[in-house]
Amino acid sequence: MKLNPSEKNAIDALTYIVETTGVKVTAKSVKESLYLHPDFPSMLAFSDVLREWNIPSVATRVFREQLVEIPLPAIAYLEIKGGYFAPIRHVSSTEIEWLDTQERWKKEPLEEFYKKWNHVVLLLEPHENSQEPNYAEKRKEALLANARKPVVLGGLLVCLLLFGAMYAPAFSPMTWPYFALITTKLVGVGVSVLLLLYTLGTDNTLLRSICGFDSRTDCNNVLTSKAAKLWGWLGWADIGFVYFAGGLVYLLNPTLTLPGKEGTNHLLPLWALGCLALPYTIWSVWYQWRVAKTWCTLCLMVQALIWVEFLIGLAWWPQMEFPLINIQSITGLAFSFLLPAVLLVFIKKPLQEAEQVWPLKRELQKAKFNPEYVESLFAKQPQMPPIFEDMRVVKMGNPDAEHTLTIVTNPMCGPCVRLHPEIEAFIENADTVNCQFVFLASPNAQPLVQIIMSLPNERAVEAMHRWYKGKYRDVETWSKDVHADATNAEANPQIQLHRQWCDLAEIQATPTLYLNGRQMPLAYHLNDVENLCRILVPEGTLT
């Protein structure tokens, strides 16, 4: 995903705070959760994603004299750079230490800090239950994702070493300029790949550190300019990749570069191609200096490598000769540069489309929580029947909550079993939403529902927790564990009332969710409920 400086600052600030508190949350989850929040970047986005990880937080205004008393770490909002989130790790009576995520930690007098601070801070109070859901699984996913690039690079290096071992006799007559040229091409391929990744919108620490070296460097300003492409579609990054990768393939082909009589070689075409690229390097430096007025570090590295190749060629000039014009030399040169060109065309489009997924997801999130859209969509949704006067439902959560989530469930339904732990985790952290359960009991689930309906509400909630946890395979074992039976005379009439209610509501499948009396559209999920409750008024709640 491609991030602007404000978004990078927000993600880096929250990542630091979460890591400092020791709460088990992956950096990948911080980035994705914030990016997809409809109000990102903002303090509201921070509070919402922290709530997902069971980290209580509050964004509040504090007076100057209160700043030295706030619990740390915290995040302050500064009125610099168009709005800036600044993690704070130390405050004394005279100075403060805060993190400029684009640069470094800064210590400065409080009076200087007050000039750019708008008195808003985000305070956190993590506890022993603060943690990302399914952290262990997501940690494994993050480790595998982080290991992918080193594994690929290591695999390529091994393949290169094996190739060298296979053709060692052929390469043994080569002199130092040849190996210096191979090294230059390898580095050039690496830099060109980084340039391609940057143009595709990839964001990672390495690219940030290279392209944000200091205030004078801005790769984005150079690479998004009109001058960065020929004819509006062919990028200099693409040309650079083909140039270096094609040269590397040519050098690794012993039939083309094997020394001939008196140690001569056939590298003149490759060196001549590099000489043709020299005017480009002069123009590029001039453009960055005089037009863009910012420097692209990766671009400068490419231009430096082209000049290094030229100097290596000069040292090797006495041994160079032009290869014989024959089918082998022509096809060999064409193959060397066509291979990376075809490879680039083949993989670039899918990579571009993959990078577009995140912006599309984000736009979808914004559309999903557009107040006018949400209100209009819910107004068209089926309204649930009122709960019958004598009908008993199992309730969970804050009884004084403004919003009610009604779940039609079947204890023998696989999706219901998977959803229930999510509901429990959601209700545990949701103060403004409570939950009530209506049962659509299939014949094999009826004995189980009878037992639930025979229990008081608190025991029924606990019995449901034990069943939906999934460790029981039969009702008899479960009923003994919850110390209950179905002898309550009211259980069967309640089951009939629940069935009649479901018939009246025209329930077609379980689980079916209603929020404030309206059926939740398929596009929304349980983790969307809190955001929806900020938009929907609680008037439609039916109990």
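Count begins at 1; order follows the chain as displayed.
Just so you know, glycine gets a Cβ as well, placed from its N, Cα and C.
Listed in TrEMBL for this protein:
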DOMAIN    2-124  domain 'Peptidase C39'
TRANSMEM  150-170  transmembrane segment
TRANSMEM  176-200  transmembrane segment
TRANSMEM  230-252  transmembrane segment
TRANSMEM  267-286  transmembrane segment
TRANSMEM  298-318  transmembrane segment
TRANSMEM  324-347  transmembrane segment
Spatial neighbours of the transmembrane segment (176-200) far in sequence, C-beta under 8 Å, 6+ residues away: 206-207, 210-211, 219-220, 223, 228, 235, 237-238, 240-241, 243-245, 247-248, 251-252, 257, 265, 267, 298-299, 301-302, 305, 308-309, 312-313, 315-316, 344, 348, 351-352, 355
Taken over the domain 'Peptidase C39' (2-124), the model's mean pLDDT: 90
Contact set, same chain, for the transmembrane segment (230-252): CB under 8 Å, 6 or more residues outside the stretch: 163, 178, 181-182, 185-186, 188-189, 191-193, 195-196, 198-199, 223, 267, 270, 273-274, 277, 284, 299, 302, 305, 332-333, 335-341, 343-344, 348
